[in-house]
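Here's the structure, in structure tokens; my notes come after.
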Number of protein chains: 4
Amino acid sequence: MADLDAIVREIAEELRARPDRGEVASYIPELARVDPNQFGLAVIDAEGRVSAAGDCDAPFSIQSVSKVFTLTLALGKIGDRLWRRVGREPSGSPFNSIVQLERENGVPRNPFINAGAIAVTDVIVSGHKPREALGEILRFMQFLADDDSIAIDDKVAASEQRTGFRNAALANYMKSFGVIENPVDFTLGVYYHHCAIAMSCRQLAMATRFLAHSGVQPSTGRSVVTRERARRINAIMLTCGHYDGSGDFAYRVGLPGKSGVGGGIIAVAPGKASIAAWSPGLDAAGNSHLGRLALEMLVKRTGWSIFGP
Amino acid sequence: MADLDAIVREIAEELRARPDRGEVASYIPELARVDPNQFGLAVIDAEGRVSAAGDCDAPFSIQSVSKVFTLTLALGKIGDRLWRRVGREPSGSPFNSIVQLERENGVPRNPFINAGAIAVTDVIVSGHKPREALGEILRFMQFLADDDSIAIDDKVAASEQRTGFRNAALANYMKSFGVIENPVDFTLGVYYHHCAIAMSCRQLAMATRFLAHSGVQPSTGRSVVTRERARRINAIMLTCGHYDGSGDFAYRVGLPGKSGVGGGIIAVAPGKASIAAWSPGLDAAGNSHLGRLALEMLVKRTGWSIFGP
Amino acid sequence: MADLDAIVREIAEELRARPDRGEVASYIPELARVDPNQFGLAVIDAEGRVSAAGDCDAPFSIQSVSKVFTLTLALGKIGDRLWRRVGREPSGSPFNSIVQLERENGVPRNPFINAGAIAVTDVIVSGHKPREALGEILRFMQFLADDDSIAIDDKVAASEQRTGFRNAALANYMKSFGVIENPVDFTLGVYYHHCAIAMSCRQLAMATRFLAHSGVQPSTGRSVVTRERARRINAIMLTCGHYDGSGDFAYRVGLPGKSGVGGGIIAVAPGKASIAAWSPGLDAAGNSHLGRLALEMLVKRTGWSIFGP
Amino acid sequence: MADLDAIVREIAEELRARPDRGEVASYIPELARVDPNQFGLAVIDAEGRVSAAGDCDAPFSIQSVSKVFTLTLALGKIGDRLWRRVGREPSGSPFNSIVQLERENGVPRNPFINAGAIAVTDVIVSGHKPREALGEILRFMQFLADDDSIAIDDKVAASEQRTGFRNAALANYMKSFGVIENPVDFTLGVYYHHCAIAMSCRQLAMATRFLAHSGVQPSTGRSVVTRERARRINAIMLTCGHYDGSGDFAYRVGLPGKSGVGGGIIAVAPGKASIAAWSPGLDAAGNSHLGRLALEMLVKRTGWSIFGP
């Protein structure tokens, strides 16, 4: 698409001027001190052409965006048996909640709320030392993005670990129901570290390509997951990818996507493109304010909504 | 698509043989005595060709499927102001629940749970006598399906009204928060009657066409809603259309859809087709067991999933 | 006790001077326009001596205080079978909530939350016309207080009925579980009317005497309930008598009691006295602010706490 | 009371014959292997006479009974400031629940649910090493029971610690709200160990005497708490002492009391006696089945109910 470059550039310019940028996550100092004036956008079309603008090469903490990739890994490891340990329904909770766990015997509603992502991480940890499991996740990200320089920000991970009492509560709660197999500290340690992977929009858009193209990473031609599994991961992103703002994201943007509290969002236009947007300021629901706006503008201008041309 | 006829016929034949048919809704006698051995499927493609099989012309109680059409009407009447009175997030509740109303000041989570559909109905009732409001809904269905013979099954409506204490609780609860404007009995009366509209798969697939085609009913060329609104209604169907089984429906079928306790399901393949399936037996989540299977088979054979080719 | 008169007088004088009087209930005009500067207190000891002060003869709307007496009547009618339809555990809900009903199949937690009192009223209604049931309740109050002039304030009842959507929600919800036997309108009508009985502190303290004296109204020697049942009603008042402020009332006052949104509170010092206090201003939990203070002072000065001399 | 000996003996004999003994707690092996056929009862009247029968000298794991004594200690340490960190309302939850914590910002409803007792333990831990805090609690029990032989069963404590994921969830959850000050492991370690104190009925009845006698341990004449505080601790036992069976215990027994999952129950007849009953089999609500029955029989025969003579 000849104009894609232009569209991406225009969006970046329009958003740069916006005074409303949301609030940067402040629960750990490492995230709080990120400059809110940054904005990046990268789109990779079916032919592999990259349209990118703004701070599209600045690395940021991918946080919950990593949950898409750990879900992919865990499905590769134990297949549909995963669904005995985590559901795939939207949570419908105003916050990332422990209430639902109590009501449903410690089985988290979906792999994209914190509890669910911890349960998914636990699957990857099983049979490994934490360090090995983490290595596997990191190598998977490097492979998908075709970039060995991707690394974990240990400071972010350490800070999350020091203050992550809510996540420790979720993990211990699931452990009391047998949903977590490994020592809670092992699983949480791996969880905090994969959330602390640092990547740029360009790298994330590259890593996401297989979900836009029937499970195949087009640049290498290598199959990451089956066609059906790619579709299904997209379906879960659509219904559960933005916590309790998932319905609104589907309504406004109309693409499967996943956001993180670091301000990153990935999105998938099936058959057409993979996308990553980033801006550190968050809206009330914890999703990147400008990132979501960028996706809304992009879909409006490209007609990529999955809900109709 | 030349083979669509064949695909639809094959699905109907395969499902006819299935011994597992779910349980027919039994909370009112009028629904309980429906023959569970019925199955119908109708698909209308972009050119207007109808592929239909089985009991595709047998009328059944559309029940919650009507909620898609009342949502469309209410949006036409007051536009985005509707979203002050009903949300658009999945409910995440195991049952059609009153708990969420208490937590969120009487504002239902979305237009497709009972509470939300009652609030939507109330919008249509405002400024009218109940009889007029109901007439408007019925004429809208007749117009969309291009069939003036469509009617309400008064016995079903009367029976629901006699036993609908849970819905009366929801309506009164919302009324206590000012979310319902009209007398509770007026709104509930209209609600029960539009749920009791009787239609066949063929009629429903016809009535749903505008959602598959950017808001335009292709046979007449008349615009029902804007392109954007059609996409947005589809998005809400995808995230909220099957109560607490919405995530699973997205995962397995991959099309926006809406089910009813009468055993009907409508679905939309944007740009390609509108679909209606019917079989009275329900699964544990209250959705038509064979209806959902039919849609899953159809999407697999046509590649219509919105989540990837 | 020779000084009881003095104690009661002193309390009334001290409280008259307090500037903090709470907020008068405002959800219906009939309650909202009551003068907040009123305060009454009446104590009747074991010998029948009445110590009273302030506005102890002014009638007020007893509201939820009536629930103690309808519980007594319903137990008289069907005995322990009542406990199949209502529990006797504190509700633990911040508000008078419908959530608990959903979790526990429509069975309210105790007879003193609105839902429970409606279920208890329904027991009294069964087998009668609403008018007869209401007559029975009113005559019971007149008998207990030995005063035939006690009457219902129809304006208050009518106003509650017009605006009682929350109660209609509770009643319909219970009806959907079969916990309510009679038509919802019948039961609610009787409920609103017995809440609208108007009595003075003196009359209420008299009506409560049987609970302080092993089930016997000492002035007439007539047994109202068995000794054991009197104890048990007191136990329920202690654990459930003040909605979600019951624990605090037990902690501060240390007597079984029941409050109403009209500002009245009855309390029982077993073997020693029955008490009624009234002041229309309510605290955040919906209990009379000065009424509770009066009881706290009275217990401190008399040593009547049931939790230790 | 001359017959108290006889009453206690009779109750022990009658209960020895009962075939229904409930289920022994089985979540850790140390509790599961206790012989269910044991039953003990000890009553100490105002003059210090001990009436005891059955296995009244067999030590058992006091478990949650310890919560009364840690509450007493914590109130002694920081007074009413304690109520900023824990409420005093019944929980109204079917199980020892984390839901309530989410709803109320991590502040547990009362000191006798697990979350509340952990928060109370945390107060005792502050400013100490865990070992010191535990020593303080143990010495307090020895002092109250006037018996230096009382000890902690380390096996039980270790076993609880190994499997206490639910408690770890509660503690971490409260920590995330700042309700827990110390490292979670410190506070939980002390909590598990004070729950694992082993005592006999005789020792427990002795340790409880101060609550029956206005805060003074009558045998030594030493004041443990003020008269008012004794009453208030009794009030909390009455409203919250038996989890979600507190209302039923008040209704049936009519004394302030506290039960533990080891099968022990202490109770207080203010001004008259302190009581401890023990039988390992639990009812559905987790309270000693025969223990509760014993208390019901005792109160019936002595007329000690606080709710009426």
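Cβ coordinates come from backbone N, Cα and C, glycine included.
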From candidates A:ASN105, A:ASN114, TrEMBL puts in the same substrate site as A:SER64, A:GLU160, A:ASN167, A:TYR191, A:TYR243, A:VAL261 the residue A:ASN114
Residues that sit under 8 angstroms from A:TYR191 (substrate binding site) by C-beta distance, when 6+ apart in the chain:
A:ALA117, A:ILE118, A:THR121, A:ASN167
Neighbour count (Cβ, 10 Å) for A:TYR243 (substrate binding site):
24
Pairwise over A:SER64, A:ASN114, A:GLU160, A:ASN167, A:TYR191, A:TYR243, A:VAL261, annotated as binding substrate, what's the top Cα to Cα distance to the nearest Å?
19
Quick one: give me the count of other CB atoms within 10 A of the CB of A:ASN114 (substrate binding site).
21
Run through the Cβ atoms and count how many others sit within 10 Å of the one on A:VAL261 (substrate binding site).
22
